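**Student:** Before we start, here is the structure in question, set down as structure tokens.
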Amino acid sequence: MSTPAKELCRLGLREAGAGVAAKAISSTELVEASLARIQATDGKLGAFLAVCADRARAAAKAADARAARGERRSELDGVPVAVKDLFVTKGVPTTAGSRILEGYLPPYDATVVERLEAAGAVIVGKLNMDEFAMGSSNENSAYKPCHNPWDLSRTPGGSSGGSAASVAAGQVHASLGTDTGGSIREPAAFCGVVGVKPTYGRVSRYGVVAFASSLDQVGPLAREVGDAALVLRTIAGHDPRDMTSSTRPVDDYLGPLEEGARGLRVGVPREWLSGGLDAGVEAAIRAALDTYRRLGATLVDVSLPHSKYGIGAYYLIAPAEASSNLARYDGVRYGLRAEGAKGLKEMYAESREQGLGAEPKRRIMLGTYALSSGYYDAYYLRAQKVRTLIRRDFDEAFRGCDVIAGPVTPSVAFALGERTGDPLQMYLADIFTITCNLAALPGLSVPCGLEAASGLPVGLQLVGRPFDEATLFRAARALERELGPLPAPPEP
């Protein structure tokens, strides 16, 4: 008797892969269940910008053939996943959530896409996002908003909103997103899934549409800590096509996963719990910290004194880099081209006017101003100095602890439309996540319960030393094992 499609969709990533390997279920069954789930739910969720049904079915058929021969590429072989529409995919539209790339068909795959497919994972589609990854609510998508599976009137977070919503809703077993200032961890927290921002340089950015090149990083989202660890192990490692890619060997993330929290020193920054948090979020975070103490970890008071300047530094550095990266979208080589322009300069201007949304334009203006003659030293250079101080704060804190723990966001998922008219309020959603990017450190969001008042998920943020993702996974798994999984969100 076959397993109902809905049950297949709620299987963990490793559980689904093991089922394919044991021939208890087929990759074709998993993929058809995923496609049916997307068809049934995405009209309300809006998590997908493109569904690659034919490509996915062909990949599933190949995975089943390998299973029949007793071959297995990896634990991911035959399992449906999806990727943010920021990763180029050969022959599949890649828009970065922007009109200016509407209809663009890349001639090659991003490195992380190559690595997923080499491991046998089946990519079923491309996921919704804020335009060029600029946003914290997925409302900046040029195509449609994405909704939170826990409450369709609320944001899933951004910019990787589709990546989190698709996993939480059981459309796929895992996904990839990008994180420039919190864009994996915030949606993961809002949607009640695990989201990982690796150390800068741990995962190749080749084939990822650039936002802020010194901050962008690729990472996984999944419903279980171990599943996220497996995906990261699959995509991590040196890539000669990305000059920022580290040559450091990839650690075994799964080996220490079940070692527990006993003996861990968990740093708690006093600046992160000193105000500005909604009461329900603070209660959930403090309860999670108490759980670590109960499990044998030692809570250590640490200070990150320059973290209060993180928002200001980030919103100078990131727009400055974006203003350069987005200069290539001019209507000449690919994407939207304005018709009827009387000359080259007018065509440039009209193509960008028609193709770019309000948030990219705002950040291009901010970045161009910060880099302009007479203002570079006062703004951009000073922001980079603050970045150095933030990195030193973390170095000092890690002298006395193994991981740092605190909130991901000041609140649970907020209502769609609530902050679109106030960019500053939107930017403040990233207040706890931005410093991790500025310091190039690994960070992770793991569910730590539901807020009592709203019943919405709360995420605990864990930050680690450079390239010590293994300790983050160990600490996150200890909490996950003790608290148990969150219930599935309501049916859309």
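Positions of Cβ are set from backbone N, Cα and C atoms, glycine also.
It should be emphasised that the depicted structure is a prediction, and the values quoted were computed from it without experimental measurement.
Feature annotation from Swiss-Prot assigns active site, charge relay system to K84, S159. According to Swiss-Prot, the feature active site, acyl-ester intermediate maps to S183, an assignment based on sequence analysis.
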**Student:** Do me a favour and check the Cα-Cα span between S183 (active site, acyl-ester intermediate) and S159 (active site, charge relay system); whole Å is fine.
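**Tutor:** Answer for this pair: 5 Å between alpha carbons.
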**Student:** Among all the protein chains here, how many other CB atoms are within 10 A of the CB of the residue listed as 'active site, acyl-ester intermediate'?
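**Tutor:** Summing over all protein chains shown, the residue listed as 'active site, acyl-ester intermediate' has 37 other Cβ atoms within 10 Å.
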**Student:** Sequence gap of 6 or more, C-beta under 8 Å: which same-chain residues meet both conditions with respect to K84 (active site, charge relay system)?
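**Tutor:** Looking at Cβ-Cβ distances below 8 Å from K84 (active site, charge relay system), excluding near sequence neighbours, one finds K126, L127, M129, S160, G162, S163, S175, L176, G177, T178.
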**Student:** Long-range same-chain neighbours of S159 (active site, charge relay system), Cβ under 8 Å, sequence gap at least 6?
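**Tutor:** Non-local contacts for S159 (active site, charge relay system): G97, M129, D130, A133, M134, G135, S136, N138, N140, G177, T178, T180, S183, P187.
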